[in-house]
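Asker: Reproduced below are the annotations present in TrEMBL:
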DOMAIN    45-133  domain 'PPIase FKBP-type'
DOMAIN    157-245  domain 'PPIase FKBP-type'
DOMAIN    269-357  domain 'PPIase FKBP-type'
DOMAIN    381-469  domain 'PPIase FKBP-type'
DOMAIN    480-515  domain 'EF-hand'
DOMAIN    525-560  domain 'EF-hand'
SIGNAL    1-17  signal peptide
């Protein structure tokens, strides 16, 4: 009995193995790969691009799009395909791969297809969907990053700079501005771009990122681009906008911080010292005066700087801060500067005005205090003693006599201080206080003072005259207070050898000064003055004065009681 049962089992198994295949009533789909995200699923009426391998159930290949090197492109549900494939493609996602089995009545039926497909053949297709679109499609935009501040959006006729990655709908990369390491620069909305990109870029903000998807009718159409983009391909552009301007743009001044006190604004022809940070419109830094630790110094309105900066620096106050946005036609134009500033780039400068002056400026004198009684005012030749606080126009302290606990002492008109200080100390009373603003051409000039005063800096001094000693008439270093002795030479010649030695001359003059009979110019080394006087009398330069050489100034020119 057991033997009979085993024999029957073998017969059943043998019959099953040799039985004809069970006929298919409908298509059978086995999904061999499903993408994580379904970018888009096929609907009736859509146009698709797909690859396939067609085989019989025994594995024999009868056709393949891969062998032809191009996808099969067709409308779905329009009876342009065998009925089974029309049904199988509906619902497929881009990048989905399926094994589709189609019965004869949904394929080529009893007629077959020439010598390639026999009658009543079941067909297997290994299908990979690459693209799908619909004639009704327009541009699709998906923004995935929006900047927090958007002061302006792209409009028709704007000129923009942007980076992009261009892919087909299946993710195949066909182009990228990033790989070329330079932006794509173009006008928008005037036909310089494919229609879909022209539409997709409108309304973008600088810094915005968006994905722009377009059907072939708004891309490269039926023929593609001839190389990387096939015909009838949907295109996907991942775009970041870096820059935009319009040829009609002028400069824009924003973020102004104007000091409360602004007594003067810059005009054309002024010389300006300012700090700046320079960046592109997307925030990319390209230069800074702060990093060099010195201001940028230039004339304004004279073409010494780019036109936009020339304009943006007019009408500023000392201490003012402002942001100047400059379109490329007022900046570095289509060429840029090479490595740092790309062509057609909008520039953004955050500036801080440190000081400015005009070459025609004189010392600006403001009297802050003047005593009620003023017996004498300072003049050229006077020896003056004064205190000062010195600073730059932005308030940076330079120096102060108060730090040293003593006055600064000079002779007016002797070139012992900068010309602007000479001017500011003239006609001053003891006890008077003044505020002086000195332009650099009357101060320390273009070079300044190393580590103390920058080149071309305007100086500010608050001065107080503490004391003054009247000087001698112009041209004199010594005068007599009394009548001159008729025996002057004999009085000097103490050893009576009929010649005056330097020591005799010095002793005599100092004795006259000490006794109040004569006066040396104040503020100078008395012995240097006396040495100079001796040299003037020692006409042959032999180191002594004879009576023949000795002359009073009265004997030489105007009547003054002095040597």
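Sequential numbering from 1, following the chain as shown.
Any Cβ shown, glycine's included, is placed from N, Cα and C.
TrEMBL does not curate its annotations; it predicts them automatically.
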Asker: May I have the DSSP-based helix, strand and coil counts for the residues of the domain 'PPIase FKBP-type' (157-245)?
Answerer: 13 helix, 36 strand, 40 coil
Asker: So how many of the residues in the domain 'PPIase FKBP-type' (269-357) end up helix, strand or coil by DSSP?
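Answerer: Looking at the domain 'PPIase FKBP-type' (269-357) with DSSP, the answer is 13 helix, 35 strand, 41 coil.
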Asker: List the helix, strand and coil residue totals of the domain 'EF-hand' (480-515) as derived from DSSP.
Answerer: 18 helix, 3 strand, 15 coil
Asker: Give, as a single whole number between 0 and 100, the mean pLDDT over the domain 'PPIase FKBP-type' (157-245).
Answerer: 96
Asker: Per DSSP, what is the residue tally for the domain 'PPIase FKBP-type' (381-469) in helix, strand and coil?
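Answerer: DSSP classes over the domain 'PPIase FKBP-type' (381-469) add up to 13 helix, 37 strand, 39 coil.
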Asker: Mind checking how the domain 'PPIase FKBP-type' (45-133) divides into helix, strand and coil residues in DSSP?
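Answerer: Secondary-structure composition of the domain 'PPIase FKBP-type' (45-133): 14 helix, 37 strand, 38 coil.
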